[in-house]
Amino acid sequence: MLALCLVLFLPGLLTLPPFDRDEARFAQASRQMIESGDYIRISFQHEPRNKKPIGIYWAQAASAHLFGGAEAPIGAYRLPSALAATAAVLLLFAGLRRQTDPATAFLAASLLASTLLTVVEAHLAKTDAALLACTVGAQMALLRAYRPAGEEVALPLRYTALFWGALGAAILVKGPVVPMVVGVTLLALGFADKSWGWLKRLRPLMGLPLAALIVAPWTLAILAQPGGGSTATGGNFFVDAIRGDLLPKLIGSQEGHGAPPGLYLALLAVTFFPGTLLLIPALRAAWQTRLDPLVRFALAWVLPCWLIFELIPTKLPHYVLPLYPALALLVARFALTAVVHQVTPWTARISQLLWGLAALLLAIVSVGIGLYLDHALNPLALIAAAVFLIGGGLTLRWVWIGAGAPALVSAITVAALGYGALLSGVLPASSGFFLSRSLAAQAETLAPGARLVAAGYAEPSLVFLTQTTTRLTDAATAAQLLADRQADLALIGDRDITKFREAAEAAKLPVEALSIDRGYNYSKGRWVTVTFFRRAG
């Protein structure tokens, strides 16, 4: 299992530049903790980042300390995510081994590890892989505590500690998400079974203080910080987090990420790849066997929470990642217990069609990255495309002969090989996709250690790849900073060049263009041309 996690999570972890915008903001905020020595307040440059609690920032800062401190590369900030994703996989495997046969546990954990969304989050310096580990830890303890009426089994203390410890850690990482998932799961089980006595096995009188002990130190420390100024914290952190981050997501479309209900279902063919291969017949079989305690638990985990996430107006693909372990369990169980070609034909055919389309899409993306963004064809892109297409065809053959488990193993192998080629070779080699990397390298070539100001291209990855003091501003301010000798180089986007030249002329500042870089700004969905300027003479 560890070997599979290495194969899936290691390629690209060190070589991929930081992604915009969330990853770069998280990593830069963690770097600033090291630079400032302030491990209580969270900031991106001079702006308070009062959105998520401290947990992931501490983990990233600790990791960076091991690999050079503030100068550590992005891979050091990603390491906690890769380790957390590995922990989630191992926790799922260990938890299920006590509830079902080892083959189902192994296959479910392998499927969770190879799911596209898990692999993506394992490569990003964000909260979601850590959140997945906390979710699996809490849910495996809850599964051990769950017993239908009449089955009185004492819950070992280590599971009590795991349950409440995972909840406390989850709150410190991303607030109420995991408590919501766990709470909805146990409510669904309680109402479905009309039985609540098993919840006493969780020992809340012992566990709540443990969770509070994990959360309280930083909470008290942030409340004790003085208010006022650009780094105001204290009670402002929680007011900003709730009013500026949580509530806008619950009641409206935040930052343009709104979508109607059904989006997560529509994306599932790709985000849950390669598990999509057997997903629909697995769900149908799960509903037919819903009286089985393990299946009942998985359905209580995924169905009500999925509905909640679909109804929340703000949607991002990773929001439903905490539900993927339950889907992986249901698919693995189906693959090992059903003769696939004997299931209801339409469910199997739809799953196979969706899986084939997802494999085709991944093959097209593998080749299209180089062709569209760099006008070149990376040989590794052809390898990745061949893996997805040829391997996909061989995998479908296993399904057609009714071999569910070999089909799923083949699908996981296809995913691992295809992802490896994409993450280790195709994406890192793309200059058009990572414009900030090109700009940072060019700035260092033109004027090593220069103070930078940017207008018309304000991506956080540029700050991480250059220096914390890099200014992201407008064209007029950029010209003024050059005129006042508070900056040495100005990076100006194509839509702001005219305003910059006019502002420079008004400030009687002669400027000269040094070089031009062009790339695709995926955060805004458009091509950007950036010109370097400096004071003339």
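Cβ coordinates are placed from backbone N, Cα and C, and glycine is handled just like the others.
Over in TrEMBL, the protein carries these features:
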type     : residues : note
DOMAIN   : 51-218   : domain 'Glycosyltransferase RgtA/B/C/D-like'
TRANSMEM : 76-96    : transmembrane segment
TRANSMEM : 103-123  : transmembrane segment
TRANSMEM : 177-193  : transmembrane segment
TRANSMEM : 205-224  : transmembrane segment
TRANSMEM : 263-282  : transmembrane segment
TRANSMEM : 294-313  : transmembrane segment
TRANSMEM : 319-341  : transmembrane segment
TRANSMEM : 353-373  : transmembrane segment
TRANSMEM : 379-400  : transmembrane segment
TRANSMEM : 407-427  : transmembrane segment
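Remote same-chain residues near the transmembrane segment (353-373) are listed as 269-270, 273-274, 276-277, 279-280, 381-382, 384-386, 388-389, 391-392, 395-396, 411, 414, 418, 421-422, 426-427, 429-433, 519-520 (criterion: CB distance under 8 Å, separation of at least six residues from the stretch ends). Sequence-distant residue pairs (6 or more apart) of the transmembrane segment (407-427) and the transmembrane segment (319-341) include at least 3 whose Cβ atoms are under 8 Å, placing the two stretches in contact. Within the same chain, residues 88, 92, 96, 100-101, 103-104, 107-109, 111-112, 115, 117-118, 121, 128, 131-132, 135-136, 139, 177-178, 181, 264, 271-272, 275, 277-279, 281-283, 285-286, 294-295, 298-299, 301-302, 305-306, 309, 312, 348, 399-405, 407-408 sit at least 6 positions outside the transmembrane segment (319-341) and bring their C-beta atoms closer than 8 Å to a C-beta of that stretch.
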